[in-house]
Amino acid sequence: MSGEDLSPGMDSGVDQLGDKLGNMGVDDRPRTEEEYAQSQLTLRAIVTSKEAGVIIGKAGQNVADLRDKTGVRAGVSKVVPGVHDRVLTVTGHLTGISEAYGLVADGLVKGAPQMGMGGVVANPNTHPIRLLISHNQMGTIIGRQGQKIKQIQDASGVRMVAQKEMLPQSTERIVEVQGTPDGVQKAVWEIGKCLIDDEQRGYGTVLYSPAVRVQGGAPGAPPVNGNAGYGAPRSFNRTGNGADFTGAPSYAPRRSVGAESGPPPVVEEGEDIQTQNISIPADMVGCIIGRGGSKISEIRKSSGARISIAKAPHDETGERMFTITGGPGANEKALYLLYENLEAEKMRRSQIPEAAA
């Protein structure tokens, strides 16, 4: 997996973001271990089809046992023809989630060993777990100058590597945790504490959904591997507080300053107005806004959502906060259109060196 080793010396932007995020709870006091243990959380992971079979077990017995032992809600996404990845979703108290991922790792060590050169089992007694983490929450897991992630690795004995790019049509990145089942359990506990402390940044996450991606979105085009290009997904990914369940609460944007946001949002009958904040990399803001605001105006018009843009970066990373306000359907479409533009711009930039050559 292409990615970056999460250790001290990472790029300063993410380090500084982590520096700003303290492990503080309600009323500016540190949470106790018991409060963390009882906090509700959803943590997702990408698994291969083979791994999914081991996790589910014959007639669903393994996943049923997992639920009984840990008290979590757990399930694996349905098979998508032509796609080898599926998504494991685990929801419950942090104690149960960390125990569940430890049991998952143990089952995979025994049932789906990683084979190395010559058919020899690679890294006996360990198995990689590929967690899905919101791009906006990465900073709190890394910490100041990589110190938090180093602490997690030292305490649990695992090695962690983060994918640099967000997954297609989503704002999630993969954090691979490689270690023993006990190490995985300890690492997930610590990662979960970071996500609980930084819960608000998880709101508005565009969840990754395994799907066949086609070049340019053209019907009948062949699937594209890697990050060469992605077409429109079959449906808009559900968003919320990083969970694969609807009903996430709305919350007030962090700052009221912003660009003109357009007409009132479109809200279907019976829908509540929701507000979602997402961070856009500084070097991508221009391509989202377009010349004279043409692109952002079109996204507002097409989605029916109000979109305001912070006039200044919200932290040292230089990222700008986009605030989307509207009904669930309008917000979903706005998020999809925003990230479709980002994907198109990333693909365009990746082709510039080739064109120059």
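Glycine too: its Cβ is placed from the backbone N, Cα and C atoms.
Taken from TrEMBL, the feature region 'Disordered' applies to 1-36, 239-269. What TrEMBL records for 39-109, 125-196, 272-343 is domain 'K Homology'.
Residue counts of the domain 'K Homology' (125-196) by helix, strand and coil are 37 helix, 20 strand, 15 coil (DSSP-based). If you take every residue in the domain 'K Homology' (272-343) and average the pLDDT, you get 83. DSSP labels the residues of the domain 'K Homology' (39-109) in these numbers: 37 helix, 22 strand, 12 coil.
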